[in-house]
Amino acid sequence: MSNKKYNYNEEIQRRRTFAIISHPDAGKTTLTEKFLLYGGAIREAGSVKSRRSNKHAVSDWMEIEKQRGISVTSSVLQFNYQDHCINILDTPGHQDFSEDTYRTLIAADSAVMVIDSNKGVEAQTKKLFQVCKMRGIPIFTFINKMDRLGRDPFDLIDDLEEALGIRSYPVDWPIGNGKDFRGVYNRLEKRIELFNEGNHGQSMANIVTGEVTDDAFRLLLGSDLHDKLLEDIELLDMAGDDFDLHKIINGELTPVYFGSALTNFGVEPFLQSFLDITPPPMARKSNLGYIDPEDRNFTGFIFKIQANMDPNHRDRIAFLRICSGQYEKGMTVNHVNMGKKVKLAQPQQFMAQDRVIVESAFSGDIIGLHDPGIFNIGDTLTFDNIPLEYEGIPQFAPEFFMKISTINAMKRKQFLKGLTQLAQEGTIQVYRRPFAGTEELIVGVVGVLQFEVLEYRLTHEYGVEINTQRMPYRFIRWVNDDFDMNKLNLTMDSLVGHDKDDRPVIFFQNEWSIRMIQERNKGLVLRETSLVTL
Ligand code: GDP
């Protein structure tokens, strides 16, 4: 047991918990790695990448991820930088896993959006941004790859507004572009930060503070770069938005930074400014009102379950976001949804390459709990037997459906176990309906790649071969509890079933039949999402 004494409020104030989102290849991994490098959590660049190709450290079903070059899962890393304790939540770049992204964002207090300066806002950026927007958290923009000749910075700013509909405030403005990218001008601090080629930009060569018109700036930059900077800043000050912290906190204005994760240019200025502006953990909504992170009583919720992170151990980890109080090693907490006490033995945190056993953790931290199958996404854990529940995590309405059965009837038990576990992890949703005297199972997903993950994992982890058959349905709606299903008047092309909690659902092929059934059935309320808890 650690004897270390903590100042509880200070510990919370120094915490920053955020997610990183980007279109694949924009540079999310490289940027994360540089953060870790500055925080001293890794010694060499390339360590995080090599972890991906290291067979022992990668879960086997992530083969899919490697084959396709996309990140299917999201992981969590913690490190210290200066006075801050930082939790980074990585998110899958592919839109088919946007449900997973949403769950991850629920655990985050802010998001960093990485954009390739050559490409601007890309398809996946849009989807992921929409998910962030639903959460209403602060979103910071890092425009990456400035070491290559990219698009005009003003174009990129316009793109944010046109493609994403968000106003922006460039905090760091680039001086030069491509090979001539020399540094940034910080509009809040009113200073120029020039990069030092010598040590790969890990320290800033020159920091000069003053009005942008100062002669010192001209001397430093030369007249061409200085003239361009003067012109740019004047335009931004005149035509751009003002810095407005309130709007940033509400996700209505995004602070923008320019840099190059590869050469380190602009990364540390970004990190420092981001940590200054982005808030520490804030109060969270529960059924008993807002819970203050400084409340001493321990509470938290499960937002993600990930199986087989280590193929040698066949383990399952439930990720818990602490919302108040302090976790101490070996503590027992109340599992509200099960109405049982559970001992949090050996929770883990994820540092750069390693998992470590957590001695102590505070509001804002994410810890990984060994899960023998008792946790569901959305479960709340509390210090005592109080009926507190954090806001449920909505299940997205799937848009693709298939019938599923096992080829080998002898393996039905394994098959059902696999399906149940994968549904608990939120990889897929499972529905049932009576069919020819037995039961038919239907799997629903938000993105078709989830079907592939399902097939792959059932085969590789559960040893089950499956038959699948795509169904024509594109919509599902949950039915209000007080509606009498016996009186339901359906259209020919729709279907009734039940979700895993036995709640009635209707499958539709098109919006026309949704409207039709709505008109035919008085008192019927059709819902697009169902809450996992509450
Ligand atoms: P992710 O898919 O968003 O995680 O992107 P990665 O971090 O894996 O980067 C994708 C590719 O872009 C890799 O080849 C990186 O080396 C490269 N890259 C990342 N950041 C930069 C940058 O600032 N400049 C340049 N030129 N390349 C970069």
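All residue numbers here begin at 1 and follow the chain in the order shown.
From the backbone N, Cα and C atoms, a Cβ is placed for every residue, glycine too.
Feature list (source: TrEMBL):
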- 13-282: domain 'Tr-type G' (DOMAIN)
- 22-29, 90-94, 144-147: GTP binding site (BINDING)
Most Cβ neighbours inside 10 Å, all chains, among the binding-site residues S22, T91: T91
DSSP three-state assignment for K28 (GTP binding site): helix
Least buried by Cβ count (within 10 Å) of the binding-site residues D25, M146: D25
Mean per-residue pLDDT computed across the domain 'Tr-type G' (13-282): 83
Cβ atoms near K28 (GTP binding site) (within 10 Å, other residues, all chains): 23
